[in-house]
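Here is the structure we will look at.
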Amino acid sequence: MSTTSPPTTDHGSCWARVREEAPLVQCLTNIVAAPSTANLLLAAGAAPAMVDNPHEAGDFAAVAGGVLVNLGTLSDGSVAGMHAAVRAAAAAGTPWVLDPVAAGALGWRTDVAHDLLSVATPALIRGNASEILGLAGGAGGRGVDSTAGPEAAAEEAARLATRHGCVVAVSGPVDHLTDGRRVVRVGHGHPWMTRVTGVGCALGALMAACRAVTDDSLVAATTATLALTLAAEGAAERSGGPGSFAVALLDELAALEPDTLAARAELR
Amino acid sequence: MSTTSPPTTDHGSCWARVREEAPLVQCLTNIVAAPSTANLLLAAGAAPAMVDNPHEAGDFAAVAGGVLVNLGTLSDGSVAGMHAAVRAAAAAGTPWVLDPVAAGALGWRTDVAHDLLSVATPALIRGNASEILGLAGGAGGRGVDSTAGPEAAAEEAARLATRHGCVVAVSGPVDHLTDGRRVVRVGHGHPWMTRVTGVGCALGALMAACRAVTDDSLVAATTATLALTLAAEGAAERSGGPGSFAVALLDELAALEPDTLAARAELR
Amino acid sequence: MSTTSPPTTDHGSCWARVREEAPLVQCLTNIVAAPSTANLLLAAGAAPAMVDNPHEAGDFAAVAGGVLVNLGTLSDGSVAGMHAAVRAAAAAGTPWVLDPVAAGALGWRTDVAHDLLSVATPALIRGNASEILGLAGGAGGRGVDSTAGPEAAAEEAARLATRHGCVVAVSGPVDHLTDGRRVVRVGHGHPWMTRVTGVGCALGALMAACRAVTDDSLVAATTATLALTLAAEGAAERSGGPGSFAVALLDELAALEPDTLAARAELR
């Protein structure tokens, strides 16, 4: 497996285009992360729209720039909305991102994830190591926090990426991003990202925003990861705890210039 | 159409009464804006209650001071709750506010909005220009952000207000409020209001709180708009981005005295 | 009724164990409080998981350390999830906390609360005075804010605690906690706690987190109350309003050391 990264300048360009084009990102997400996801998308310059009911989710996915499908707090109604969105996204060529929250740990949602993957191929799958392992068929974690390290999931991530023809992003202290052939590792960030709810969920949404402005899913995943983790580093420097960190994260993300992102990015 | 505004002192009195009476505001709203709406109502001195299930929404609307019906993230269950609330509000004389999020852009919710308007007349309709145009039958926008300017919607707003016998508030850089006869324009505020999710949704809730303490819907809409936009101006002065702005907005709204509101208000 | 309190050192130990063990707290809660509840649990060091659908709620309750059942924004689907969670929690010996939001004031949810109590005995019931009176059969309040003083509910709280064999916590300016025999009163806190949405709801969740690491429900309820109210005192000192208070509350809770909690605790 090659570890050649796409040139960093692509990430600056991708971030610049998010700012310029304000892509419309449809979010079918959970009740915990919905507010912070919308705020982080707005801070990034994207336009969030939480259209998740089955009557409208399909029509909206056909016109959205990207779609996030996050399995955090499912209901029968929201699953129907997700199926409608994924079918319409596939038909319209709208890229979608799957965030299989707690896959492997809980049976119903693991089935929901597999059902969605059988309907259409996502551009990206984003989860922590436990979730990626759980989705790939291994043992799951105990919910949204990861009990397996991201490196442990690297092999499964590559297999999953190859099987579905998509990029798989394994979040952790070092983020591991792969399309099954190329690998990018991002070591930025701060432990407080795990002490604020919904940061991982928002990362999936940012990936959908970035994917809306580039066809290269690996560049999109890397750009979103860099943007959020670099903003987190800046935010942590001037915060006194997880509350002020969450506030500063929004300020930092809104202030993050494309040139700064490209200059500060260290990929492995 | 006259542009004579009601005397500014009325707005100070209205705001003072919100503080004194702590009106009970029932919110049937979306999963993104629910937390910030509750917090902005509490900062204003009102008492929010998110009673939105069809078993209880009617009973509660009969005793609430005002009801907000926001179409942001509908489900079949919440639509049933909205119908129950609107019917009971009409029967009990409780004023209600309709926020037709993304009306015109999406078919089902546009039908839901029209269905609710056929059940009973709201005291107020609040939306951005695209939503007001969409509700009036024109072309809709692309979600919650407005693609049409507020002035473009002025004529339709007047027509809609006359048709339903209510006040229509078109939010934008200059807010345009009309009962079909009188017009008030409010030019306060800050662009960061559009970079924080749910600020517009909370404005609808604040209108319901103000309408609970006065029978004049135009005074209520103007007072709520002044309170939020003046608070936003103060908040922007001491914020470094959308995250700190959202926090400061709550502090500023809680600290906004009726005299200050009346003194700083510039209506057009 | 004795007013002998358990030794304060127990509360420090309980808080220390929450930090060390990071108990998994399943929250079936409302759309308003879900984000802040998750963030306050994370700040405390616990691991929140909002698994509330009827397909998975039972399986998860069997492995969770504690379960919160909060009736804030019910739907038919979430009630089914609550029944599944409570049944499975009882079978597995997982302690659960009932927060009967607006019980007494609204009929359906009062029935839901009684139905849940007939399925299994909770470790704790937490509410304001109106809710505890409403649950006990008295007159209810007007929603989530309390119209009755906590002392007025003391007698009913003891009766309710004895009837169900659990601890009842009555939140207010002075928190009143009882198992029907022992009473603990906690007078810490700040009025801004009632100007931020979901603080009471998060208190119930913190009680579930504390109860996950000790079998003594009264120690758990007291520790959670002390942690949140002491954090609130610290937060209020460096805040300018309810917005900055909510942010500082998270920072203070995350920084609250077990020794500090034990040293600053004043019980009555």
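Cβ from N, Cα, C; glycine included.
Any TrEMBL annotation is an automated prediction that lacks curation.
As the structure is a computational prediction, the values presented were derived from the model and not from experiment.
What TrEMBL lists as substrate binding site is C:M50, C:G198. The Cβ of C:M50 (substrate binding site) has C:Q26, C:C27, C:L28, C:T29, C:A34, C:A38 as same-chain neighbours under 8 Å, each 6 or more residues away in sequence. C:M50 (substrate binding site) falls outside any helix or strand according to DSSP and counts as coil.
According to TrEMBL, the feature ATP binding site maps to C:R126, C:S171. Around the Cβ of C:S171 (ATP binding site), 29 further Cβ atoms fall within 10 Å across all displayed protein chains.
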(request) Could you check the binding-site residues C:M50, C:R126, C:S171, C:G198 and tell me which sit with their Cβ under 8 Å of a chain A Cβ? (result) C:M50
(message) Cβ within less than 8 Å of a chain B Cβ is the test here; which of the binding-site residues C:M50, C:R126, C:S171 meet it?
(response) none
(request) Tell me whether C:G198 (substrate binding site) sits in a helix, a strand or coil according to DSSP. (result) coil
(request) Measure from the CA atom of C:G198 (substrate binding site) to the CA atom of C:S171 (ATP binding site) and give the result in Å, rounded to a whole number. (result) 13
(message) Measuring Cα to Cα, how many Å separate C:G198 (substrate binding site) from C:R126 (ATP binding site)?
(response) 13
(request) In three-state terms from DSSP, label C:R126 (ATP binding site) for me. (result) strand
(message) Cβ neighbours within 10 Å, counted over all protein chains: which one of the binding-site residues C:R126, C:G198 has the most?
(response) C:R126
